[in-house]
Structures are given as C-alpha cells and as structure tokens.
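Chemist: So that we are looking at the same thing, I have put the structure below in structure tokens.
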Amino acid sequence: MREIISIHIGQAGIQVGNSCWELYCLEHGIQPDGLMPSDTSLGVARDAFNTFFSETGAGKHVPRALFVDLEPTVIDEVKTGPYRQLFHPEQLISYKEDAANNFARGHYTVGREIVDPCLDRIRKLADNCTGLQGFLVFNAVGGGTGSGLGSLLLERLSVDYGRKSKLGFTIYPSPQISTAVVEPYNSVLSTHSLIEHTDVVVLLDNEAIYDICKRSLDIERPTYTNLNRLISQVISSLTTSLRFDGAINVDITEFQTNLVPYPRIHFMLSSYAPIISVEKAYHEQHSVPEITNSVFESSSVMAKCDPRHGKYMACCLMYRGDVVPKDVNAAVHSIKTKRTVQFVDWCPTGFKCGINYQPPTVVPGGDLAKVQRAVCMISNNTAVAEVFSRIDRKFDLMYAKRAFVHWYVGEGMEEGEFSEAREDLAALEKDYEEVGAEVEEDDEEEY
C-alpha cells in the first residue's frame, strides 16, 4: 500500500482538516463512527481508501492523521464534534498555552514542548503503514502555531523521513484581510523553511476564496466553513487518485516530478471548476472544455495573484466524474492554442492529466451543487511571486522600524534570522523572475 499521513497544524490546519475528513468519509461511505457498511474485506487493507484510513479488527476506519495545536479550544471542538468517534484520542494533541501569533513561540519555546509527542505519534502512524508514501501538511503561515510549529515539524520530518514526499497546503495572508499585525513576519520566517523542507506547496489565500464564494456561490458573507468546504474539494480532487482506482491515476510523487522544474520553485496555484450553487446548477451543463477553460481564468485561482501576469511552467489537471480521455485531449489542445495561457519556452508540453471516474461528492446542506464532472488544476506559474512580493513589502515596512521584533527575540530568536529569511525570499522571487525571463534572451538572438 502507498499510505499518506495527513498532519493538521494550528487552527487553520485543523479546521481545513475537519472539512477534508468529513468529505472523505462521505466519498467512501464511512460513517462518523468509523464503520463502513460497504467494506466487505474487513481487516484486509487492500482497498484504495486504505491509503488514507487504517482499519482496526473491529471494523473501524481510522484516519491516518494527526491534529496538533498549542491551545486546546480548536481540538476540543473536534473532540465534541460529529466526527469525535472517528479519531483516536491520541491523534488529537493540544497544549495549554497559545503561540500568540508569534512564530518564535511556535518554533522555539512552546512548540519545543510538544514536538516530541507529535513525532512519537507520527512514528506510530508510520509504523502502521506498509509503504508510507509521504505526508500532507496543512497549516496557515500568518499565525504563530501554523507558522512556527509547522516549520519545526517540517524540519524534524526532513530529518526522520528524508526520502518521503511532503506536500503542503498552506494558507497565506491575504492582501486586504488580516487577522494579525505580525502576519508578514510569521509568513516570511515560515516560508524560509517551506522552501527548504517541502517538495510541493499549494498556496491558498482566504481573500481569493471569499471572492469565489461571493461571485460564484452568491454567498453574501462567507464564513470559514464555506471557505474550508471549497478548499476540501480541491484537496479531495488531488487525492482522489490515491483513494480510488481510476483510469489515469496520479501518485503523490508524480505531482513533484511533473510540477517542479527546480527544487526551490515548488509553490503552486490551485483552481477548481465548476464552482456553482445549487440554484444555478439546474440550468447549466458543464462540458469538459467549459470547465477546463474556467480553471485557467484568473477569477478561479485560489490565491490572490493573476496567472496572466506570469507564465506557466507546468500544470496538473485532475478530472473526476463523467470524463473520457478524448475530451480531455481536445480541451487541452484548445488551451494550448489560446494566446492567453502562456507557457515558458523551455517547457512546451506542460500538461499532466489525471482522470478518475468517481464523480464529485458534495456535503449535504453545503454550498456546492452536485455535478457530473469537475476538474481541479494545480499549476506552477511565475505569477505566484506576486504573493511573496506583497508579503515582503509589508515585512520591510515593519522591519525597517524593528516594530514588534522584541516579542520574537524575547522568545529566544535572533534578529539575524529575520534578515536571513527575508534574503531567502528575495532570492526566491529572483528565481521566479529568471525562470520566466529565459524567453526574452533567446528572442534577441533570433532577430
């Protein structure tokens, strides 16, 4: 088996995790207590869903997941929520003090206290696997736990499980909406270790997803639940081929191989289609070309940057539902002929496609309509540098005055770490600039 362990860190990671596991359970017909009426081969871990769920002798299906936070309230919600019986109590780790939006508390002082119990639990989860494939890590980099403890765990995973893939689903601060003044500090410090210790990171951003909810689903005032359900559809689409047997399956390592041209350039944009409310769905038919076109529109990207400002290096299209390869090939061909979607000159093919016949599942009472087919795109586009430059600018304004820095230094950090992380991010922006710019130099030689 090629198992995957999911690690949910901090409030954002845990709440996205709740939505994901709720959706996985619905997709596989697993009840909130972990029982699965349709599973006839109990105790035999041969089914595709066993990549994400382990089975006990009593027929319970337990997520291969760890939830960790430095304060108890969010984990307590899981412990009292509808899926409380799904998880093993030892998979839900909380501590008594908060990281207080401070990267240094999450990474040095408070995080250190909890990192060993987390790694012990991860080791138990890993021992329970026959062929561990990798980790999915969910966190946000604006707060203290997601950024600080998230980085610490990633660093330790690199040491203990160096050869395993690590995919991050990371929520970055939004341009307009802010939940903490020190977000730019936490994000820059955290990105420093994401560059080093993850293989692929999918960038998400609340503001972009708010806009999608308002525009496509007609939700006046979206809540985090609305956002997380949308995020969970993306993550579910990416992991479908790991959890179901499909026509063209895509392995986790295949994402890496196909999307990452250079090790540092592994920050991806994601988009999903069709995002459509129940009222509208009755009147529209979504063909493969239509949904394929819509994932390339800037309005469907789940991070605040415009892919038209950049060039694509590669993209992964994951179709699910009533889709045949012939339609996909035609849709991809028409995208390639469009002038709006620009690829870098050194990557002419640029498309990786996966198809899974399992149609998309929706949460009962949720916002999305049930559709016959859907597509999720993960793309490597140079425009993602816009996200970094925006955070850098805010970082520089604060750091020039050394504002709030004493809170970090007081928790055992050194000021040098700020400038080191900032320089690393500047280098990353430069890298993106260079991979996109290789075109112009060649053109000059031709004329």
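Counting starts with 1 at the first residue shown.
Yeah, the Cβs are placed from backbone N, Cα and C, and that goes for glycine too.
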Chemist: Same GTP site as GLU71, GLY144, THR145, THR179, ASN206, ASN228 according to Swiss-Prot: which of GLN11, GLN31, GLN285?
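Modeler: Record check against Swiss-Prot: GTP site with GLU71, GLY144, THR145, THR179, ASN206, ASN228, extra candidate from GLN11, GLN31, GLN285 is GLN11.
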Chemist: Looking only at GLN11, THR145, THR179, ASN206, the binding-site residues on record, which one has the least crowded Cβ, with the fewest other Cβ atoms within 10 Å?
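Modeler: With the binding-site residues GLN11, THR145, THR179, ASN206, fewest surrounding Cβ atoms within 10 Å: THR179.
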Chemist: Whole number in angstrom, please: the longest C-alpha to C-alpha distance across GLN11, GLU71, GLY144, THR145, THR179, ASN206, ASN228 for GTP.
Modeler: 22
Chemist: Would you pick out, from the recorded positions GLU71, GLU254, the residue whose Cβ has the largest number of other Cβ atoms within 10 Å?
Modeler: GLU71
Chemist: To the nearest whole angstrom, state the Cα distance for the pair GLU254 (active site) and GLU71 (GTP binding site).
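Modeler: GLU71 (GTP binding site) has its Cα 36 Å from the Cα of GLU254 (active site).
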Chemist: Could you say whether, by DSSP, GLU71 (GTP binding site) belongs to a helix, a strand or a coil region?
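Modeler: For GLU71 (GTP binding site) - judged by DSSP and reduced to three states - the answer is coil.
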